[in-house]
């Protein structure tokens with residue numbers, strides 16, 4: 001009998017080790033009922049996986065680095081209450097997806113869940129589009145850490161040396177450095193990743209506490225009023241006040257994007273049906289708490305909004321300097337978010353490679369056999385990792401040609417992930433919230449389930465629309481929002497590839513018949529309904545009988 005522990009099966013003594021081995025064996029059997037072999041090691045504990053999830057959200061750092069985006073769109077009131085609104089809605093989305101994760105703990109995540117709850121005839125196309133959007137979103141999101149980190153570094157140099165003029169190629173080299181470090185750690189130190197993510201979590205919390213206390217102590221007693229911090233409204237966008245405030249929601253949304261990371265890493269943690277949902281919801285909750293407190297601190301010590309928005313050093317460093325009145329002290333405080341962004345890049349690249357591996361394992365990508373392989377010596381999907389890294393470098397080359405195009409790619413990543421968050425619960429709601437098994441450990445009961453699903457879906461739709469609007473009026477070539485173009489390219493590639501290959505060969509998430517035969521025949525899936533279990537074994541008629549898609553593809557294979 002499985003005995004879950006707070007740290008995902010880890011503990012003291014031989015008895016704890018034996019329980020962990022038993023738990024991992026059970027988890028492998030559980031994965032087999034979903035049609036896949038256990039190829040990746042379950043090295044992560046509850047804390048290390050929470051560290052990875054929180055490092056990706058990086059909420060207080062992301063909010064601080066992007067505060068100049070929200071200040072013109074509603075001022076401090078938009079910054080503070082926009083975060084609260086975004087966090088509540090994202091908690092609803094996280095809880096909605098946690099139900100799916102609890103029932104079907106597979107790295108495939110949203111596209112697998114969408115296939116599970118879709119009507120038979122729509123399974124291939126719904127799963128295909130969801131998988132492409134999710135994979136592309138995660139690969140594009142990998143670029144954010146290097147972008148923000150390189151901006152902070154160049155801003156620091158300009159701050160210390162006002163005569164310095166940064167150039168795009170300098171930022172590109174710093175961006176490459178972030179990307180290369182993340183790749184090397186992911187490729188050659190995969191066994192150390194749990195320790196890296198634990199360190200990331202500790203570093204982030206320590207940085208949050210140290211910076212908050214330092215700023216409040218140094219700025220005392222010259223604080224802004226509570227009315228200013230929580231009630232001041234500013235609109236410099238040219239849009240009507242109400243719409244400007246809604247645009248301010250995007251800062252909070254950006255800082256809470258990526259909580260599905262635990263889903264794509266779920267095959268690397270023991271007791272996934274229980275620990276995964278807890279981590280998914282907890283990382284958003286911690287993000288809300290740290291983000292709200294840190295933004296409050298920044299706004300209490302802020303001196304002049306215009307100076308912060310227009311500062312060539314960046315808003316965060318300017319606030320640090322205004323509070324401490326010491327250049328060296330401000331730069332020292334900036335070390336915390338700089339390293340947080342490196343940890344974020346490492347963690348996002350890890351998740352992106354697992355998402356790519358999972359979709360290739362199901363035959364959803366060109367050359368899927370190549371990208372679905374797991375390197376036996378490194379215990380990592382190396383080809384999927386290389387694909388992510390190469391594409392992130394290409395995105396950096398785009399930045400050299402056009403910063404607007406690069407920013408559009410980043411915005412498109414947030415839109416893409418937000419859409420995939422809404423698809424599985426939306427389909428489930430359309431089918432009466434009846435498609436998930438009652439035996440799942442994490443369950444939103446009664447009206448709570450409907451409320452969380454509908455609030456989350458509505459918020460995802462709202463922010464998807466808001467993200468494609470230009471931030472200022474009148475619209476010019478320089479302030480135009482090209483996010484819709486970048487997202488449109490993702491959809492076009494997905495549709496073209498569907499007609500070239502997917503329409504004929506892709507039937508949905510792949511189920512390996514040989515693995516299914518080894519699974520416990522007394523278990524009807526991992527909470528699979530009898531209908532879904534029947535489909536996974538090829539019942540019914542025609543292609544629609546393969547809702548979980550038997551294919552000739554061999555899924556993920558180990559390579560030397």
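Just so it is clear, glycine is given a Cβ too, placed from its N, Cα and C backbone atoms.
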TrEMBL annotation of transmembrane segment - which of the ranges 240-261, 306-327, 328-349, 350-371 it falls on: 328-349
Range annotated as transmembrane segment in TrEMBL, from 25-45, 382-402, 508-528: 382-402
Which of 79-101, 382-402, 448-473 contacts the transmembrane segment (328-349) most, counting Cβ pairs under 8 Å: 382-402
Segment-segment contact (the transmembrane segment (479-500); the transmembrane segment (169-189)) at 3 or more Cβ pairs under 8 Å: no
Other parts of the chain folded back onto the transmembrane segment (408-427), taken as Cβ under 8 Å at six or more residues beyond its ends: 93, 96-97, 100, 109-111, 113-114, 116-118, 126, 130, 133-134, 136-141, 143-144, 147, 253-254, 257-258, 260, 395, 398, 435, 453, 456-457, 460-461, 463-464, 467-468, 481-483, 485-487, 490
Of 122-149, 169-189, 278-302, 382-402, 448-473, whichever stretch has the most CB pairs under 8 A to the transmembrane segment (46-67): 278-302
Of 79-101, 122-149, 278-302, 382-402, whichever stretch has the most CB pairs under 8 A to the transmembrane segment (169-189): 382-402
Contact call for the transmembrane segment (382-402) against the transmembrane segment (122-149), three or more Cβ pairs under 8 Å: yes
